[in-house]
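The transmembrane segment feature in TrEMBL is assigned to 30-49, 69-88, 94-115, 251-271, 291-310, 330-349, 369-389, 410-428.
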Amino acid sequence: MATVDGMRPQNCQNDSSLCATTPSKTQYAMLYLTLTLVCIGLGGSRFTLATMGANQFTKAKHQETHFNWYFFTLYFATVIASTAIVYVEDNVSWAWGFGICIMANVLGSIIFLLGKKYYYYDTPQGSPFTSLAQVIVASFRKKKMALSSQSPDYYYGDDLQKKIDELPTNSFRLLNKAAVKIEGDILPNGSIAKPWNICTVQQVEDLKTLFRILPLWSSSILLSTPIGIQGSLSVLQALAMDRQLGPHFKFPAGSLLVFTLVTTAICLSLFDRFLWPTWKKIFGRNSTPLQRVGIGHVFNMASMVVSALVETKRRATAHSHHIQGSDMVALSVLWLVPQLVIVGIGEAFHFPGQVALYYQEFPSSLKSLATAMIALVIGIAYYLSTAVVDLFRRVTTWLPDDINNGNLDYLYWVVAVLGVINFGYYLACACLYEYKNIDKAETDEMNDCTETLTVKN
C-alpha cells in the first residue's frame, strides 16, 4: 500500500493543509485487511513460538531459561522496530521501512524452516476446548448421580497406574461425576461409547487445573492495565515537556516507551545470569514463578507512584511559569524516564514468570495455551486501559485537552491504589494455590546435581 498510488489518498495540489483528500472505502478496506493479517500473523507466531521452543526441553529450569531469552529477543527486536525502522520510514521512505520488515520476516521464516528436521513435535490430539466442554456437559448430565469412593468406578482410559492408585481430587468435586462409569458408557473394548456422556479422570483434572489458575490469571489483567494507561499518558506528558536534548536533537514523544523496552531486555539477560543464581545461593532454592510475578506487582505499583509524583512536579512547574495551551513546561522529558525504567524492571519479572507458571502447571493437553494466556491478558488489559482513560475523561475534570489545567496525577494515584488492591487479591490467590508440578521441577534439579557430583567423583 505504501508504494501503490491507488492505495493512498491523493496528495494536495498546493501547500495548503486544508486540501487533504478523504481515503476511499477501498483504501480503508485494504488498510483494515492489512491490519487484520498482521494481527493473525502475530497471534499465530509470536506466542506460539515461545511454547514450541519450551517443548524442545524436558527440564523445567531449561524451559524457564528459554522463556527469559525468548522475551529478551522479543523486547530487543521491538526496540529496533521502534527506533531504526521508524527512523527509516520518517527519513527515507515508508516503502523502505516496510521492505526491511518483509526481508526480516522472510529471513526468519527461512531460519525457522531450516531447523524443521531437528524439532521435537507434539502429537496432535484434537482441540483441548472440546475435551473441556465434554467434562462440563457430562458432569451436568450426571448431576444427580452420587460420587463413588472406589477407583474402579471411574474411567481412566489408558492410564492404568492411576486406575489402581488414585482417585480424582476433591476440589471441584461435582466435575468428578463426568468420569463416573454407568451402564452403556464404555464399549466392550474399553473405549468410550459417547464422549459427551463420560470423560477420563485426566480430562476432569485438566479442567480443574484451568479453574484453579484462572484467579491468578485474572489478577494479571489489572497488572497490565496500568502499563497501558501509563504508556498513553506518558506520551501526553512528554508532548508538554522540554524534549530538546542538546542543540540538534529533539526527543520524539512517541519513542519514550523505548526506555521500558530497553530496561526489560537488559534485566532479562541479567536476571538469568546473575539474579537467579544469587537467589538460589541465598535462599537455598530457585525462585518460583509466583514469587517472580509478585515482585513484578511491587515494581508496577512503585512505577505508578513515581508517575504521580513526577506529574505533580510537572504541573506545579507549569503553574509557577503560567504555562497555558501548547507551550512546553521548562522541565526535561528525562524526568519521565525513572517511571518507565521501574515498570520495565517489573515486566522482566512478571511476564516471563506468568508464562513459566502457566506452562509448568498446565497439563500436556493445554501446554499450547500457556503463552496464549499472556496474549489474552495483554489484549484485554490494553482495551481496558483505553476504557479507563475515556471514563475518567467523561466523569472528571482530570484529563482536559490542556493537561496543565488538569489533574493527571490524581489518575495515577487511583491506578496505584487499584494496584495495591489487586496485589492483595493476587497474594490471596497465590497463598491458596497449590503447585502441581513444582516438585517435579525440584526433582529434576536434584537429579542434575547428583549427576554433576557423580561425574566429578
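For all residues, glycine too, the Cβ spot is worked out from N, Cα and C.
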Go through 30-49, 69-88, 94-115, 251-271, 369-389 and flag the stretch with the largest number of C-beta pairs under 8 Å relative to the transmembrane segment (330-349). 251-271
Residues of the parent chain within Cβ reach of the transmembrane segment (291-310), under 8 Å, 6 or more residues beyond its termini: 216, 220, 223, 226-227, 230, 233-234, 237, 335-336, 338-340, 342-343, 345-354, 356-357, 409-410, 412-413, 415-416, 419-420, 422-423, 426-427, 430
Count the CB pairs under 8 A between the transmembrane segment (369-389) and each of 30-49, 69-88, 94-115, 251-271, then give me the winner. 30-49
Long-range CB partners for the transmembrane segment (30-49) (under 8 A, at least six residues beyond its ends), listed in sequence order, are 1, 7, 23, 70, 74, 368, 371-372, 374-375
